[in-house]
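**Q** Sharing a structure here in structure tokens format.
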Amino acid sequence: MDAQKECVFVSEKSKIFPSTRLFFSFLLCLCFVALAIGTSNISQSMVCMVKKPDTNFSCPLAEPEVEAVPCNHPKQFAWSSIQQGLIYSGQNFGSLFMFLTGWQADRLNGKWTIVAAMVFIIISNALLPVSAGVSFALVFFLRFLTGVGDALLSPASSSMITRWFPPKERPSALGIVTGGRQIGTLIILPVGGWLCGNDGSKFLGGWPAIFYLSSVVAAAVLVIWMVFSADKPSKHLCISHNEEAYITRKIEEENIGKRKQRKSTPWRAILTSKQVWVAVAALVCHEFPLVIMLQFLPKFFSDVLGLSNTVNGLVSALPMGILFLSKCLSSSLASYLTANGYLRKTQSCKIFNFIASLGLGICIAITPLMGTLQQSVWAILILCMANAFAGLHTPGVQTALVQLAPAFSGIITGIAFTVAACFSIFNKLLISQILVTGSKHEWTIVFEISAFVAILPTIFFTVWGSAERTEWASNRVSVPKDADQKSNDSESSTSSTIQAFAKYSMFLSHDLTNSA
């Protein structure tokens with residue numbers, strides 16, 4: 001059996017992918033990269049697609065109804081602020097389907113669910129440039145389809161994480177996987193800014209190329225995912241027997257059970273659980289201010305700081321890079337602290353989330369004070385600090401959502417992000433209504449509202465939040481491990497320190513034959 005499952009990705013001689021779990025986390029990360037590129041592209045392209053009121057392009061000889069457009073410039077549209085807000089929020093309308101997809105995420109095959117998500121992203125981005133010239137409603141519908149792709153991907157990935165990673169590895173796994181959102185945004189913003197600039201418009205057609213590129217990236221990720229992924233460890237052709245046995249034993253301790261043998265969804269328990277709704281509320285307060293970071297940041301740099309398209313794209317990507325590093329480092333730190341007994345799961349989530357919410361709220365609140373071109377460097381640094389704090393939400397509330405009920409993580413994730421999508425729709429429409437002229441005063445109102453919302457979890461999540469598995473989350477009676485099993489888990493023929501590191505890290509292949 002070992003010979004049949006031997007693969008370069010898990011070979012002890014391999015230096016790149018020492019464990020299949022680490023490799024699989026990279027695969028999921030790629031899917032989120034494609035998702036982020038396909039969703040964040042609208043933030044930079046909208047700056048180029050919409051006509052500015054102070055445009056100087058004119059033609060003295062043209063008739064009044066004829067518009068003169070400079071050579072090599074793609075078409076621009078006279079969309080109102082409410083139309084722009086609807087386009088921004090179209091993705092969130094599609095994400096509302098996450099409630100339905102989350103309901104079935106723990107029962108469906110995760111691999112093919114993500115395949116469907118990638119198909120939606122490919123189609124919606126490939127058709128948008130052509131549809132933009134036909135109808136505003138078509139653009140909204142295509143952004144809606146992009147949101148459906150998100151609704152399929154997020155719950156499916158959460159469910160797969162609970163099947164692929166033991167509990168103490170999940171914070172690290174979440175950091176790597178969801179970090180794909182920041183990587184994708186980090187890629188598309190500077191590339192989009194260049195495509196919107198004069199050089200990009202001249203050689204590659206301007207903003208339409210942003211959406212074509214997004215579609216191509218998603219298609220490439222789809223091929224990689226179909227070849228190398230698997231719904232669960234036992235179906236993966238590249239996993240070693242020892243690693244599969246280790247994952248199975250650790251996950252069996254949670255009493256998740258097989259999907260076909262699980263009891264019916266405890267809807268009453270979920271919908272009346274204080275721990276679930278506290279985590280959902282904290283997630284909403286986390287996602288609410290990030291709307292500025294993910295969708296409106298290029299517009300802020302253009303309206304208030306007056307940055308050019310090319311510089312705008314580069315600068316807008318910096319906070320995303322900081323957010324990615326913060327998520328990965330803080331998640332790894334949380335895994336280390338909980339695995340070695342320094343903090344319990346709930347303590348870890350509360351501490352990280354408190355720091356994240358407090359720091360994010362303060363940084364967002366003082367950003368409008370740096371609202372001139374001369375203070376642009378300080379504004380960018382403060383926004384980078386805000387994203388550094390925001391990254392700590394991953395080992396905070398996002399980890400708590402996965403840990404509360406591993407057997408129903410897809411359902412809980414679906415509920416949480418459906419509620420978050422509703423508030424994101426409201427937030428984007430609200431911002432679009434406030435930003436009539438894009439003045440510094442209007443932006444100050446936007447930032448202060450977001451700062452107030454961001455800081456709320458420092459109170460209610462710190463008091464009532466939890467990351468412990470709930471009583472209704474098990475499918476059978478939990479059988480406590482006896483003393484022998486506990487000692488065997490930590491036994492090592494070489495060094496207890498090395499063994500502990502190997503047990504709780506996905507960066508090493510596990511050879512636990514003697515300790516299983």
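Easy rule for this one: first residue shown is 1, then count along the chain.
A Cβ is built for glycine as well, from the same backbone N, Cα and C atoms used for every other residue.
What TrEMBL records for this protein is below:
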type	residues	note
DOMAIN	29-469	domain 'Major facilitator superfamily (MFS) profile'
TRANSMEM	22-42	transmembrane segment
TRANSMEM	207-228	transmembrane segment
TRANSMEM	276-297	transmembrane segment
TRANSMEM	317-339	transmembrane segment
TRANSMEM	351-370	transmembrane segment
TRANSMEM	376-392	transmembrane segment
TRANSMEM	404-426	transmembrane segment
TRANSMEM	446-467	transmembrane segment
**Q** Can we call the transmembrane segment (376-392) and the transmembrane segment (276-297) in contact, meaning three or more C-beta pairs below 8 angstroms at a sequence separation of 6+?
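**A** Counting Cβ pairs under 8 Å (6 or more apart in sequence), the transmembrane segment (376-392) reaches the transmembrane segment (276-297), since there are 3 or more.
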**Q** Would you kindly list the residues that approach the transmembrane segment (446-467) from elsewhere in its chain, counting only those six or more residues past its ends and only Cβ-Cβ distances under 8 Å?
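**A** Same-chain contacts beyond the ends: 274-275, 278-279, 281-282, 285-286, 288-289, 291-292, 296, 345-346, 348-350, 353-354, 357-358, 360-362, 364-365, 367-368, 396-397, 399-400, 403-404, 427, 430-431, 434-435.
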**Q** With CB pairs under 8 Å as the measure, which of the listed stretches 22-42, 351-370, 404-426 comes out on top against the transmembrane segment (276-297)?
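**A** The stretch with the most contacts is 404-426.
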**Q** Restricting attention to the domain 'Major facilitator superfamily (MFS) profile' (29-469), give the mean pLDDT.
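**A** Value for the domain 'Major facilitator superfamily (MFS) profile' (29-469), mean pLDDT as a whole number: 83.
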